[in-house]
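Some notes on the structure that comes next.
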């Protein structure tokens, strides 16, 4: 999960200007945090956008706090899905390979030096089909067969209740949904929370059992896959030329 922050003015290192700051989060990582302010100060400063005690996914908490601090909209990918189900497509720019995310009003290319291009800056898009041998790449350092870390009681409840919260509050944003979920969880009785605590404990035990089997060798699997022949589509986008000032 990427979280990209636009910097104005950009950070300068040597002769290079960095217009974006990229944070990388794991979707499985959740957090509980307490603001170093009393509840009256939090309510007065953030007007309900933040609460003193909050819980949820790490990327949702960062998005929520960032939105409250800078008072700017958080832009997220729309309904686009690639053939793999991801909300982006792999592409290359010059000698670098990265990810291209279609957004509401443009594209953002995420790599070492990200680029943001608005739709109204693009004059045309040229698609060229080309049959190439593309090897299947496996992310190094992480075994896809390794057991998945168990979720906390709050995250189990949130995953089960997310659709209900959406139906009760049509059009709610991701950050506002996280805020509403935190309020509901905070006001939930101890008896109701115990049900999810038990489920979290069961998930933890299953995870520990699976990890023992995995570390013993039963969870090992080969990371070498044969190269597959795929049809790759080259996409070329050209920006509109901007007329110089003073031209008639």
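Every residue gets a Cβ built from N, Cα and C, even glycine.
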Where TrEMBL places region 'Disordered' among the ranges 173-210, 211-248: 211-248
Confidence summary for the domain 'HMG box' (147-215), mean pLDDT rounded: 88
